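I am attaching a structure below and will ask some questions about it afterwards.
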């Protein structure tokens, strides 16, 4: 009988140990300190030594092949990054430091009386690989509350943006302006040792995560609530609860939804646009504010962070055309018309996943519990029964199953947040938990400047022996 730590657990999953009866996966609660930085300081030398030994033994080992199609196809499937905080399994979905979403829902601490995991706990897990105690999560909540205040120039900036400036543009600009507060940029200019980089990246990351709800809430209030005040941070409340209050929502169910939303959107391994962007920009030793702002510019792209909006637009058009109570056959016909016109069914399929996205599943379970009779949810549930079969009949989709975007917008709409242009800002606030966790480790492990080799088409043709004419 073997008990696995978080890192060993993730490796065992990859090696197929999930079917072995001789292995028991144990939730790892190794550290007792409530100070996250102290816990990290103890972990980092051990991880540095582990990786150094691994590279000495296996540094020249070949791990895969690169094809011409990979270069032209967005580097899909190419193993080219180290990203510690999460791994995306095609069949099981995302694993945060080895833990699936259902496991995180079960093991991570909750708010008093709550049923959903607190994002503070997920952040602790991403940074340390350990399931935190309630006391450790409470420490993170208090720490973020202490660091949340915005500098006056950022407040002035947000209050003077034109109302036609997209919420994501406002988020990116405000985060960039926070660079004035960077402890890392200041320390780097003073010549700190490379071994100390991670300490200042940690401080900036904690500050940024703490301030993001204030920035995001201010954007929301300015655009959609006539500039009304976001109020003050309550140090007795958790991060999501404070964020929801500042947005102007007090429904306990919506607060629970926000805890779930901010947890499940936090990380999706390192190859997606926002995660890779933060890793790339951070490798130039840009501070976390600049790296995260760059990531948000990537998230703002329609192929990355706008998919949940596209789902809602498609659902709204469907309802307008067919009404609320639609037969399965009419839905099938509508889906086929969508496909035959050269469009896709938004919210279905994924670049890596080959099963239903577990982030979809947990949102579906939330809806079944809290809003089972909502017409839009009932439509989404009906589509879940029909769309995959139609896509399989069509024969083009590698993955006919729903992803996270097929559901999140419906839940937000139900609780009154109907401003679709804003949804990607929520996504961005959540994604900070993952990409900044990795940024801390990238500097702790001394990852170098990212600089892959590019090729021209002519050069590639010469390399493979093709005729260039």
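Glycine is treated like the rest: Cβ placed from N, Cα and C.
Features from Swiss-Prot:
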type: ACT_SITE; residues: 304; note: active site
type: ACT_SITE; residues: 350; note: active site
type: ACT_SITE; residues: 405; note: active site
type: BINDING; residues: 359, 431, 451; note: oxaloacetate binding site
type: TRANSIT; residues: 1-31; note: transit peptide
Of all the recorded positions given, 304, 350, 359, 431, 451, which has the fewest Cβ neighbours within 10 Å once its own Cβ is left out?
451
Return only the integer: C-alpha distance in Å from residue 405 (active site) to residue 350 (active site).
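Cα-Cα distance, residue 405 (active site) to residue 350 (active site): 10 Å.
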Helix, strand or coil at residue 359 (oxaloacetate binding site), per DSSP?
helix
Compute the C-alpha separation of residue 359 (oxaloacetate binding site) from residue 350 (active site), stating it in Å without decimals.
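Taking the Cα atoms only, residue 359 (oxaloacetate binding site) lies 12 Å from residue 350 (active site).
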Taking only the residues the record lists as binding oxaloacetate, namely 359, 431, 451, what is the largest Cα to Cα distance between any two of them, in Å to the nearest whole number?
33
Where residue 350 (active site) and residue 304 (active site) are concerned, what is their Cα separation in Å, rounded?
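Cα-Cα, rounded: 11 Å.
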Report, as a single number, how many Cβ atoms besides its own are within 10 Å of the Cβ of residue 405 (active site).
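Around residue 405 (active site), other Cβ atoms within 10 Å: 24.
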Taking DSSP three-state, what's residue 431 (oxaloacetate binding site) in: helix, strand or coil?
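Once the DSSP labels are grouped into three classes, residue 431 (oxaloacetate binding site) ends up as helix.
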I need the CA-to-CA distance for residue 304 (active site) versus residue 431 (oxaloacetate binding site), whole Å please.
12
